[in-house]
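K.L.:
Quick one: the structure is below, questions incoming.
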Amino acid sequence: MKDSLVVYNTVNRIKEKFEPLNSPFVGMYVCGPTVYSDVHLGNCRTFVSFDLIFRYLLHLGYKVRYVRNITDAGHLEGDRDEGDDKFSKKARLEQVEPMEIVQKYTLGFHEVLTLFNTLPPSIEPTATGHISEQIEMVKEIIDNGFAYVVNGTVYFDVEKYSKENNYTLLTNRNLEDMLNNTRELGGQDEKRGRLDFALWIKAKPEHIMRWPSPWGVGFPGWHIECSAMSNKYLGAQFDIHGGGMDLAATHHTNEIAQSQACNHTNPAKYWMHTNMLTVNGVRMSKSAGNGFLPHELFTGSHPLLKKGYTPMSIRFFMLQAHYRSTLDFSNDALDAAEKGFKRLMNAMVLLKELHPSDRENDINIPELEDRCYTAMNDDFNSPVLIAELFEGVRIINGAYDEKVFLNSEQIDQLKTLMEQFVYEVLGLKDDILKMDEDFDKVMDIVVGLRNEAKENRDYVSSDKIRDSLQKIGIQLKDNKSTTLWLKN
RNA sequence: GGUCGGAUGGCCGAGUGGCUAGGCAGAGGUCUGCAAAACCUUUUACAGCGGUUCGAAUCCGCUUCCGACCUCCA
């Protein structure tokens, strides 16, 4: 199964066989958030996508080191490497220390990702914790002749770099056109070329986050942190580098340039990019102001929402689309996903109640399992996997209703299959049907009373209990011999 | 303007030369004391125009529309 995994590589724009540089070890670096504001749902989609990838690689038996950074310094407000960094600006706005901003939104980020049931990365390094590594890397790039210093700021020389390297590897853009683009360079630009970007930026007097360096007091540029930290924890070359598609053209392009200039290699064998979450067909983004905060979605407090959705319904909604497709966000789509998710979770409960039968049947669980692996091996195609799992749901429901018959071996196979893919690979869990031991016991009593009334043909009483439970979202499911209850 | 990617049924969303994706919604049925759930059956598709092919939603060309990146964003 491991041998047939293919992944889409942005570098060549095709799906390629996944062959780790040093199997069974896999190094994966994913660009994390800039923690100057709340994560919105679009950000979450990327991290849920890479969580799926992480989980599946683990499931296949790879020893994965998953590094995802926290950007807590150096990310500037505007373009052209000028202006405030995002943390200082927000700190001034909220009248706190920049690191209080960092702390607040880092905690928020972790809280949200925990709700989405993502596994924590193996290492989560911060930019501020790796200033010296970044300085070392900048020094090396200067020594190698690909950067220059102007008045305390260090710039990467894209034009020089592109003479020997393909700068537009990820985007396939025409460099000449980019260089000749006549857009205004703006006032007193220190850069030699308009594509040059800052590796280290001189701090203005009012700038709070600052560190000493060989070029004076300053702070690192945005792109260098990922190069320095991936290099430190995964080596000069590793297997997967990922992030949102919006990062490919600038951030990842510059990361490759930095690593080439420093280590003479593209840092990653496979570059993977996740697509955007859209609202009414337009990308969800902070600047567009169409961002949904996870919290607004859970509680339904956003004006565009009719109701709230549980984190797992939303995770399921995201996984029903392929990570490289845009996913459009709407009430109807979420409602549909929520219902489908409940159906899947109900089946997971029934799965535990199945009894083996000796009756002949032609149900082939191993074949279903093969189809599940085929789906995931095809560039982590979770929507197809989910479609296959609904075949499992049909089998489970049929078996529970005693219309389909499974022997004990088949039940075990089905349990393994469903639990591995639903819980382990897709990372779904039951946040709708919250079970609790005491509550279970109480429900047993209630259901017992209701069935007693039913047996005595006291339907007024039995229906009253059933309907009252229905109103608070507990559904009784009668079959021939027993009654099961499920929370909706 | 440049680069790249889209356009699939009422909605979401896979697929990508011949075989039902799937979920939600709709219709009919089975089961049930009645329900619910479940199960079975079923309706509505591949933007338009050409071309290649025995055969195209899938490949090629053109057209229209949409989006992303090119400026901070996952």
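Every residue gets a Cβ built from N, Cα and C, even glycine.
Feature list, courtesy of TrEMBL:
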BINDING   A:CYS31, A:CYS226, A:HIS251, A:GLU255  Zn(2+) binding site
MOTIF     A:33-43  motif ''HIGH' region'
MOTIF     A:283-287  motif ''KMSKS' region'
BINDING   A:LYS286  ATP binding site
DOMAIN    A:371-440  domain 'Cysteinyl-tRNA synthetase class Ia DALR'
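Are these features on the surface or tucked inside, and what touches them?
P.N.:
Non-local neighbourhood of A:CYS226 (Zn(2+) binding site): A:TYR29, A:CYS31, A:ASN69, A:HIS251, A:GLU255, each in the same chain, at least six residues away, with C-beta under 8 Å from its C-beta.
When the motif ''HIGH' region' (A:33-43) is classified with DSSP, helix, strand and coil residues number 3 helix, 1 strand, 7 coil.
Counting same-chain residues at least six beyond the ends of the motif ''KMSKS' region' (A:283-287), those with a Cβ under 8 angstroms from any Cβ of the stretch are 37, 40-42, 246, 276-277, 326, 329.
Around A:LYS286 (ATP binding site), taking its Cβ as the centre, 15 other Cβ atoms fall within 10 Å, counting all chains.
Confidence annotation: the domain 'Cysteinyl-tRNA synthetase class Ia DALR' (A:371-440) carries a mean pLDDT of 90 in the model.
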K.L.:
In the same chain, which residue numbers or ranges, 6 or more beyond the ends of the motif ''HIGH' region' (A:33-43), come under 8 angstroms Cβ to Cβ?
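P.N.:
Here the qualifying positions are 70-72, 75, 86-87, 89-90, 101-102, 105-106, 108-109, 112, 244, 276-277, 283-286, 291-295, 297, 314, 329.
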K.L.:
From the centroid of the CB atoms of A:CYS31, A:CYS226, A:HIS251, A:GLU255, the recorded Zn(2+) site, which same-chain residues not already listed sit within 8 A by their CB, in sequence order?
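P.N.:
These residues sit around the Zn(2+) site: A:TRP222, A:HIS223, A:GLU225, A:SER227, A:HIS241, A:GLY243, A:LEU247, A:HIS252, A:ASN254.
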K.L.:
DSSP secondary structure for A:HIS251 (Zn(2+) binding site), reduced to helix/strand/coil, please.
P.N.:
helix
K.L.:
Go ahead and report the DSSP secondary structure tallies for the domain 'Cysteinyl-tRNA synthetase class Ia DALR' (A:371-440): helix first, then strand, then coil.
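P.N.:
DSSP composition of the domain 'Cysteinyl-tRNA synthetase class Ia DALR' (A:371-440): 48 helix, 1 strand, 21 coil.
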